[in-house]
Amino acid sequence: MANIDERLFVTLAKQLGEYKKILVGFSGGLDSSVLLHLLVNWRNQHNQKIQLRAIHIHHGLNLKADQWIEHCQLICDDWQVEFHSARVTIDARQKGIEAAARDARYQVFKSELQKDEVLVTAQHLDDQAETFLLALKRGSGPAGLASMPSIAVFADTLLLRPLLDYSRNELEKYASKHRLNWIEDDSNQDDRYDRNFLRLHIMPLLNQRWSHFPKAAARSASLCGEQEQLLDELLNESLKELITQDGALGIVSLAVCSEAKRNALLRRWFGYHGMKMPSREQLNRLWYEVALARTDAEPRLQFGKYDVRRYKQKLWLVPQWQSLRETILEWDICNTLVLPDRLGELNIADRGIQVRVPADNERVTIRFGVQGMISIVGRQHSRHSKKLWQELGVAPWLRERIPLLYYNEQLIAALGVFVTKESEAAEGRKMLTMNWHKTLLK
C-alpha cells in the first residue's frame, strides 16, 4: 500500500491538476497546516506555475487570535505563500456561534477569491462523519445527509476538499513525519458546541466499537449525494416546465403530483433561487396555508428574509421590503429623482407616460401605496384601487413599490402602469413625458 504522502499527492493531482490559482483556507490548525504543506510541496515538485495564496479568518472569539495570525504569517513567509487575513464579526443571535462563524468565513472566502481561482479547504474523514451525524440529528433528508462533497460549486468557481478521504489520525502521522507546527484551539475542548460534543464524547465510542465507522458514514453520505443527484436529473425537466420566466412556480401542475414528488420539486424551487432548503413542516405549511388558501385570500409564509406568496395560481418568493407607504418625495421635475430602496430613478425623457405640465401652484411629489377610488384614462367608470390593481395584473407586493405622481393632493399617474383623468391637459397645453428607469422591482 502506498504511503500517506504518495496517496495524498495522487489525490491532489486528481482534484487540482488543471488549476493554476489556488486559495487555501488556513486556520493554522493541524488539518489546514497539512493541506498547505502538501500544496506547497506539490507546487515545488510538480508545477512551479501554480499561484498559491492562503487566507486566515480572525473570528474575534479567542484571546489568542492575534497570535494565530502571526503564526500563520510566519508559516506562509517560510513556505513562500502569499498570505492574507481578515477579521469578522460573529452574530450568533439567530444561528448560534458555530453556524455564524462558518457563514462569516465563507463570506470572506467569497469576497477574497480572484478570477479563475479555486478555493481549497481542509475538512477530513472525521469531519465528514461528524457532519453526517449532525445532519441526522436535525432530521435531514438525502440532501443534508450527503454532507460535504469533495467538489462543489462556490461563488462562481469551485470549492475543493481533497482531504475528505483521510482520517485525522492519518493527517497527524503526516504532520509528525514532516515536523509541522500547528495551532491547538482550546475552544475545541468545549463540548457545549455540538461538533465538539460529537468529537470528544461520541466519535471515540463509535470508533472503539466500530473502527470503520467514519468510512461507513462517509460512504452513506456519498450514497445520499448520489440519490440527490439522481433526483435532480429526473426532476430537472419537470421543474423547468413549472418555473415561469419570473421565477414563480405553477400550482396547478404541482397539485396533481404525489406529495413526495411535490415536496421534491418545491425544495428544488428553493434551490433554484439560492435559498436554504425548507423543512418538511415548512413545506406542509407552504402547500396548505399558501398554495391551497381560499381563492380570495392573499396568503404569505415567511422564509428567512423572504415571503412565499400566491398570485395567479403561482407561488412567488418575494423579498421582505421596507414599507414605503409613508414616504413622500418632493420632485423638481427639471432634475432626476432617485427613488428609495433601489427602485431606480425618475426623469423627463423622450419615452414614458405623458401627463400635463403642473401648474405653478401645484407641488409635485412621489408617493407610494394609493388607496381609494381612481378614475383612469381609457376607463369610463372609476375603480377602487385594489380592484384596479387586480384588473391591471399588478401583484399585491408590487403595488406599494410603484411610484405615484401627485400634483398637490391629486393623483396624476402610477408610473409605468396608468394615468388618471386628472393627468390630461386642456387643448393646446404642453405635455410632459416621464420615464421610470427601474433597477429593482421584482
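Cβ atoms here come from the backbone N, Cα and C positions, even for glycine.
Per Swiss-Prot, the features are:
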- Ser27, Gly28, Gly29, Leu30, Asp31, Ser32: ATP binding site (BINDING)
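Positions of Swiss-Prot features highlighted on the structure.
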residue: Ser27; record: ATP binding site; Cβ contacts under 8 Å, 6 or more apart: His56, Ile57, Trp68, Cys72, Ala122, Ile183, Asp185
residue: Gly28; record: ATP binding site; Cβ contacts under 8 Å, 6 or more apart: His56, Trp68, His71, Cys72, Ile75, Trp182, Ile183
residue: Gly29; record: ATP binding site; Cβ contacts under 8 Å, 6 or more apart: Ala122, Trp182, Ile183, Glu184, Asp185
residue: Leu30; record: ATP binding site; Cβ contacts under 8 Å, 6 or more apart: Arg168, Leu171, Glu172, Ala175, Leu180, Trp182
residue: Asp31; record: ATP binding site; Cβ contacts under 8 Å, 6 or more apart: Ala122, Gln123, His124, Asp127, Leu163, Arg168, Leu171
residue: Ser32; record: ATP binding site; Cβ contacts under 8 Å, 6 or more apart: Val24, Gly25, Phe26, Thr121, Ala122
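DSSP assigns Gly29 (ATP binding site) to coil, not to a helix or a strand. Apart from the site residues Ser27, Gly28, Gly29, Leu30, Asp31, Ser32, the chain places the Cβ of Phe26, Ser33, Val34, Leu35, Ala122, Trp182, Ile183 no farther than 8 Å from the centroid of the site's Cβ atoms, the recorded ATP location.
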